[in-house]
Amino acid sequence: MHNKTVRHLTILILTIAGIFIIDQNIKSLFVDGYRYYSDCIDLILVYNKGVAFSMFAFLDESLKYIQLVLVFGVFGYMLYLNQLCYAIPAGLMLGGAFSNIYDRFIHGGVVDMVYWHCGFDFAVFNFADVMIDVAVVWILLLNFKPKFCKNHS
């Protein structure tokens with residue numbers, strides 16, 4: 001393996017592991033009973049059976065296997081690209097995705113806890129969801145502004 005590949009893989013795997021560990025630790029607080037209520041944001045426990053905004057909840061048990069295939073596909077594609085500039089954003093995305101899929105296997109649904117209701121009701125979400133959103137924006141930026149990625153080809 002080339003140094004570039006080893007470095008890319010190391011950064012990718014460490015980022016995935018870091019996001020997974022942080023997210024699962026946050027979620028364990030809520031599974032264990034922590035709650036917080038305020039005028040704008042409540043921290044509550046919700047098990048989301050679907051994906052964003054509970055879409056595809058009708059897929060029930062199949063959803064976690066479909067997501068697993070998609071996530072391993074993205075992981076494989078990131079390895080194929082072997083672009084160092086994608087290692088951290090891909091790690092954020094994959095770490096969040098693996099954590100949410102893990103929830104489906106362990107809890108029967110994704111553990112969500114942040115409920116924004118200041119001015120309007122927003123979907124309940126978690127740290128992994130935020131990391132996935134940040135990663136998508138970062139990856140789009142790298143794709144549309146190649147100058148941000150020195151080894152972008």
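Cβ coordinates are placed from backbone N, Cα and C, and glycine is handled just like the others.
Per Swiss-Prot, these features apply:
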ACT_SITE  ASP112  active site
ACT_SITE  ASP129  active site
TRANSMEM  11-31  transmembrane segment
TRANSMEM  39-59  transmembrane segment
TRANSMEM  68-88  transmembrane segment
TRANSMEM  122-142  transmembrane segment
For ASP129 (active site) and ASP112 (active site), what Cα-Cα distance in Å is obtained after rounding to a whole number?
9
For ASP112 (active site): DSSP state (helix, strand, coil):
strand
Using all protein chains in view, find how many other C-beta atoms are within 10 Å of the C-beta of ASP129 (active site).
22
For ASP112 (active site), just count the other CB atoms lying within 10 A of its CB, please.
23
